[in-house]
Amino acid sequence: MKALAKLERGPGLTLTRVKRPEVGHNDVLIKIHRTAICGTDIHIWKWDDWAQKTIPVPMHVGHEYVGEIVEMGQEVRGFAIGDRVSGEGHITCGFCRNCRAGRRHLCRNTVGVGVNREGAFAEYLAIPAFNAFKIPPEISDDLASIFDPFGNATHTALSFNLVGEDVLITGAGPIGVMAAAIAKHVGARNVVITDINDYRLELARKMGATRAVNVSRESLRDVMADLHMTEGFDVGLEMSGVPSAFTSMLEAMNHGGKVALLGIPPAQTAIDWNQVIFKGLEIKGIYGREMFETWYKMVAMLQSGLDLSPIITHRFAADDYEKGFAAMLSGESGKVILDWTV
């Protein structure tokens, strides 16, 4: 089958032919319709330090996808041939303490599709049936293909009660922008998002952010004054991994505020602990999606009117993957979709 793979230890990916995956007794085989390019895939493309330490070579990659089930293992129940599915990209062990307690998103033995094992940038993908998630007919293939990052945004944004709250989001990448849309959808009062990329800040405005702030030109304090905020933000969602952004967030938080961290800062990042301790801030690290509560909430929000369509800005045939990666690397894109059916 056709697949997009890392064949050599260096930058780039190659469209090649690989063996169609085998289907175990508890697996489903998915014929891929659409995939989306993730920031993780950009790290793999660039072959940065993280990728060099993490990605097996050779291996085909990718973990954001939608397709249909074309084959099932003999032990699979609850699915049928022809079901349209996406899937949880974190394959968990099932036997550690957290898995046995129903907290699979905290599994210490997690294996990532397209990161530690063969991925979805291919015509077919085999995964455990447990990880597959049926997509309702009213949700398009394009939207279903971005459920993985949409899930990151949902898990982060819904970590705390947002109803009537003032929310600060640092980082207007696709996940940050989707988090802004989610926050408004569920009842936040003011949703302010910061970045230095005007293209992505404009996407955030289209998705419903109250204010999209280019912090290279505009003061966050001035924006807070314009919004008549006198006490600081109630909830912070850190999506950038940029130390200066996190510092600004801590300074802007109200006493008793809550902060969720999805962005990954450098390992030795220093912060002002006085801001955390004397303000009584609650800080929570976010990884992946809650299985599968996050997935049900994603579907429910789309079915109740959440519009994520502006975040999908580019579409290409899978054979034109280089154009898709170029769009992502340009910094002037939202989500980029690759079509494996043409």
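Every residue, even glycine, has its Cβ placed from backbone N, Cα and C.
Since the structure is predicted, the reported quantities are computational estimates derived from the model, not experimental observations.
So that you can see what the record holds, here are the features copied from Swiss-Prot:
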type     : residues                                                       : note
ACT_SITE : Thr40                                                          : active site, charge relay system
ACT_SITE : His43                                                          : active site, charge relay system
BINDING  : Cys38, His63, Glu64                                            : Zn(2+) 1 binding site
BINDING  : Cys93, Cys96, Cys99, Cys107                                    : Zn(2+) 2 binding site
BINDING  : Ile175, Asp195, Arg200, Leu262, Gly263, Ile264, Ile286, Tyr287 : NAD(+) binding site
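All features noted in Swiss-Prot, drawn onto the structure.
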residue : record                           : Cβ contacts under 8 Å, 6 or more apart
Cys38   : Zn(2+) 1 binding site            : Gly62, His63, Glu64, Asp148, Pro149
Thr40   : active site, charge relay system : His63, Gly114, Val115
His43   : active site, charge relay system : Trp50, Ala51
Cys93   : Zn(2+) 2 binding site            : Cys99, Cys107, Arg108, Asn109, Thr110
Arg200  : NAD(+) binding site              : Ala172, Gly173, Val177, Gly331, Gly334
Leu262  : NAD(+) binding site              : Asn152, Thr156, Ile175, Leu237, Glu238, Met239, Ile286
Gly263  : NAD(+) binding site              : Thr170, Gly171, Glu238, Met239, Ser240, Gly241, Val242, Ala245, Phe246
Legend entry - Cβ-Cβ neighbours of His63 (Zn(2+) 1 binding site) (radius 10 Å): 24
Inset, instruction - Can you figure out which of Asp195, Ile264, Tyr287 (the binding-site residues) comes closest in space to Cys96 (Zn(2+) 2 binding site), comparing Cα atoms? - result: Tyr287
Inset, instruction - For the recorded Zn(2+) 2 site, enumerate neighbouring residues of the same chain (Cβ within 8 Å of the Cβ centroid of Cys93, Cys96, Cys99, Cys107, site residues themselves excluded), in sequence order. - result: Thr92, Gly94, Phe95, Arg97, Asn98, Arg100, Arg104, Arg108, Asn109, Thr110
Inset, instruction - Find the longest CA to CA distance in the recorded NAD(+)-binding set Ile175, Asp195, Arg200, Leu262, Gly263, Ile264, Ile286, Tyr287; express it in Å as a whole number. - result: 23
Legend entry - Cβ neighbours of Cys96 (Zn(2+) 2 binding site) where a neighbour is any other Cβ within 10 Å: 16
Inset, instruction - If we count other C-beta atoms within 10 Å, could you say which of the binding-site residues Cys99, Ile264, Ile286 has the fewest? - result: Ile264
Legend entry - binding-site residues (Glu64, Asp195), the one with most neighbouring Cβ atoms at 10 Å: Glu64
Inset, instruction - Rank the binding-site residues Cys107, Ile175 by the number of other Cβ atoms within 10 Å of each Cβ and report the first-ranked residue. - result: Ile175
Inset, instruction - Inside 10 Å of the Cβ of Tyr287 (NAD(+) binding site), count up the other Cβ atoms and send me the figure. - result: 14
